[in-house]
């Protein structure tokens with residue numbers, strides 16, 4: 001019992017430690033989300049990843065048999081299957097739409113410029129403008145939470161932050177159709193980050209049975225009522241999004257593990273890997289189906305996979321220095337990109353976007369016009385180059401036939417045997433432009449002047465575009481930027497080491513990895529993704545080298561891109577390491593400014609309503625008194641649970657005396673206390689109480705958490721931070737140092753051996769643990785090994 005741990009009573013000024021210890025707000029875990037998309041009251045709350053083991057929960061668990069446990073496990077795996085299928089189909093739809101819009105746009109433009117370049121430019125600009133306008137209109141008018149990549153918001157959700165609107169059905173729709181418009185409209189952004197958000201939305205909607213607002217819900221799948229279960233599903237959705245975007249199932253698993261999740265369990269690894277595998281099957285099936293030509297312009301190049309298996313087979317020791325230089329350049333440009341996007345986004349939010357949705361739409365349209373003018377106009381200023389003699393041997397046609405786009409684009413050239421190298425990059429889809437930069441056997445296809453021009457202009461466009469009111473990812477733009485300066489370095493190496501068999505495309509690949517490492521600061525997952533999308537395992541050591549260097553250089557200047565954006569949006573992430581100044585602080589110092597409101601075990605309904613209406617605390621310590629008058633803390637009750645009790649009224653009683661929870665018939669199931677994702681949940685204004693109701697009482701003992709986590713007041717704040725984050729807590733009690741110890745648990749008290757070979761260890765175990773295990777072992781027979789592996 002918690003009361004045995006708190007013999008000396010409590011001090012109301014240092015009882016709770018919440019997610020933001022430096023907050024001056026009296027609300028311990030209600031944090032205002034500044035300058036963000038608001039839905040409802042505009043704030044964010046912490047999620048309850050800790051299982052509230054109250055009497056209602058324990059009674060429900062006691063009545064669950066093997067059949068229910070098997071059903072529970074089966075539904076988890078079935079939902080993992082549905083998440084993989086749903087995310088894969090969403091990715092196919094997005095890519096099919098983007099490729100066809102881009103194909104029709106370029107085909108029409110190339111057809112018109114055969115007669116008039118000005119008319120072709122007008123058509124090209126108008127098509128891009130319509131697509132971008134549709135994307136911005138959908139976001140501003142229908143789904144404001146779908147703007148941006150969505151990864152900082154999902155990372156915050158998996159870190160324990162409930163951000164309104166992030167996982168709604170309309171956010172999913174806005175993300176899908178908004179991505180089609182923004183990417184198809186030629187903006188300097190990608191669809192990979194939005195696909196991660198899309199997978200998370202699909203997972204969340206499946207976990208709650210659909211959307212109640214749009215009457216697209218069902219009761220039978222509403223099994224996962226706890227935030228802990230929903231967190232696992234959203235993790236599967238994030239991995240599925242990466243797997244669908246890059247056709248990299250292993251990379252998707254590692255991305256979820258390295259970048260977005262804060263808590264990871266071995267059982268979750270099974271389902272995440274299974275979900276990513278399902279995505280890979282769905283995507284490859286769709287790709288094979290589209291090879292027959294029924295998908296229009298969408299074919300083999302629809303998903304961003306760039307096969308460089310025919311590139312450079314080996315490397316020389318002399319090449320390590322220029323490769324290290326690529327890593328340094330990636331770290332510098334990545335850190336600069338993060339800082340510039342921070343300034344641009346901050347200015348945009350504080351000045352421009354405050355003027356309303358119309359300004360957001362106009363801004364996106366202006367950027368679309370500028371991007372179209374640059375991508376069409378700059379190649380006109382570049383002189384065409386004659387086709388190289390080695391092109392026929394490589395199997396690549398030079399120039400491309402009219403109406404085609406790819407390598408060696410004939411754009412504003414005087415003769416048919418010429419190509420425009422700047423148009424080959426600019427006047428193309430991003431996927432095909434990257435494929436051109438990565439391509440082997442295309443020595444000297446691009447001039448240094450064209451690559452420098454493209455690098456400067458596209459880098460600027462990527463900075464300016466990031467933060468507009470459209471869905472935007474930074475994976476592909478980052479690959480574009482990195483592959484450009486990587487190919488530049490490769491050109492220098494080719495000219496410096498004339499006799500070596502060096503491919504410029506290999507250096508372009510290393511440059512892409514270096515920029516992503518310098519901007520996003522991912523290592524393991526990004527390394528695997530780059531290997532999977534390029535189908536070249538031989539380059540793995542080189543990719544690892546440039547990633548390590550670029551990350552180290554970038555970390556010397558600022559945080560990663562997603563951390564910077566999360567901080568800008570006011571998402572209170574708990575990072576893996578506490579801040580340095582916490583080493584000099586203790587737990588008591590972190591919560592001295594807080595005003596903690598305690599509730600008695602049996603409380604008047606009027607007092608509960610008054611307390612809930614006068615503050616926004618989400619957790620309340622519940623106290624009781626011994627016969628000698630000593631104050632004891634008996635647990636923690638959540639605000640959401642109190643609201644459910646007030647609304648139902650079935651637990652009201654006339655007597656102010658406590659009842660025996662074990663002998664009481666609990667009239668609530670544990671799932672009734674869960675807050676749905678797609679709605680704001682209950683608030684005190686939604687509850688109507690009569691004057692007779694207000695005079696009645698509630699015994700809180702059956703509904704409180706009798707065993708919350710507790711730390712002494714003089715524990716170091718770094719230790720408190722690690723405990724709070726690793727356990728996924730929402731509240732943590734800070735109490736005076738207890739005066740009495742009732743026991744000491746060691747490793748041997750928690751070990752239970754099931755075979756006779758380890759009897760020596762078993763004899764050392766706690767008698768109570770072994771006795772309890774012997775009572776339950778007969779009930780957990782043959783089904784247990786399977787359930788232990790699958791349940792979680």
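Cβ atoms here come from the backbone N, Cα and C positions, even for glycine.
According to Swiss-Prot, the domain 'CBS 1' annotation covers 592-652.
Per Swiss-Prot, the feature domain 'CBS 2' maps to 704-761; the stated evidence is sequence analysis.
Using a Cβ-Cβ cut-off under 8 Å and counting only residues 6 or more beyond its ends in the same chain, the transmembrane segment (78-98) has close neighbours at 176, 179-180, 183-184, 191, 195, 198-199, 202-203, 206-207, 221, 224, 233, 236-237, 240-241, 243-245, 271-272, 274-279, 281-283, 286, 290, 295-296, 298, 302-303, 429. Look at Swiss-Prot and you will find 78-98 (among others) tagged as transmembrane segment, backed by sequence analysis.
Residues or ranges marked as transmembrane segment by Swiss-Prot: 119-139 (among others).
Look at Swiss-Prot and you will find 170-190 (among others) tagged as transmembrane segment, backed by sequence analysis.
Marked as transmembrane segment by Swiss-Prot: 195-215 (among others).
Residues or ranges marked as transmembrane segment in Swiss-Prot (evidence: sequence analysis): 237-257 (among others). Counting same-chain residues at least six beyond the ends of the transmembrane segment (237-257), those with a Cβ under 8 angstroms from any Cβ of the stretch are 83-84, 87-88, 90-91, 154, 158, 191-192, 195-204, 264, 269, 272-273, 275-280, 282-284, 303-305, 475, 522, 524-526, 528-529, 532-533.
Among the features that Swiss-Prot reports, transmembrane segment is placed at 267-287 (among others), with the record citing sequence analysis. Under 8 Å from some Cβ of the transmembrane segment (267-287) lie the Cβ atoms of residues 76-77, 80-81, 83-85, 87-89, 91-92, 232, 235-237, 239-240, 242-244, 247, 249-250, 252-253, 256-257, 300, 302-303, 789-792, all in the same chain and six or more residues away from its ends.
Residues or ranges marked as transmembrane segment in Swiss-Prot (evidence: sequence analysis): 361-381 (among others).
Taken from Swiss-Prot, the feature transmembrane segment applies to 451-471 (among others), supported by sequence analysis.
The annotation transmembrane segment is assigned in Swiss-Prot to 474-494 (among others).
Swiss-Prot lists 508-528 (among others) with the feature transmembrane segment. Cβ atoms under 8 Å from those of the transmembrane segment (508-528) belong to residues 242, 248, 250-251, 254-255, 257-259, 306, 308, 311, 323, 326-327, 329-335, 337-338, 434, 437-438, 474-475, 478-487, 489-490, 534, 536, 539-540, 542-544, 546-551, 553-555, 559-563 of the same chain, restricted to positions at least 6 beyond its ends.
Among residues of the same chain six or more beyond the transmembrane segment (529-549), those with a C-beta under 8 A of the stretch's C-beta atoms are 242, 246-251, 254-255, 304-309, 311-315, 320, 323-324, 326-328, 330-331, 438, 506, 509-514, 517, 522-523. Look at Swiss-Prot and you will find 529-549 (among others) tagged as transmembrane segment.
Under the heading transmembrane segment, Swiss-Prot lists 731-751 (among others).
Through the fold, the transmembrane segment (170-190) approaches residues 90, 93-94, 97-98, 101-102, 105, 127-136, 138-139, 142-143, 145-147, 150, 197-198, 201-202, 205, 214, 367-368, 371-372, 375, 430, 458, 461-462, 465-466, 468, 470-477, 480 of its own chain, all at least 6 residues removed from its boundaries and within a Cβ separation under 8 Å. Sequence-distant contacts of the transmembrane segment (119-139) (same chain, at least 6 residues past either end, Cβ-Cβ under 8 Å): 101, 105, 108-110, 112-113, 146-147, 174, 177-182, 184-187, 360-361, 364-365, 367-369, 371-373, 376-377, 468-471. Secondary structure counts, DSSP: the domain 'CBS 1' (592-652) has 20 helix, 21 strand, 20 coil.
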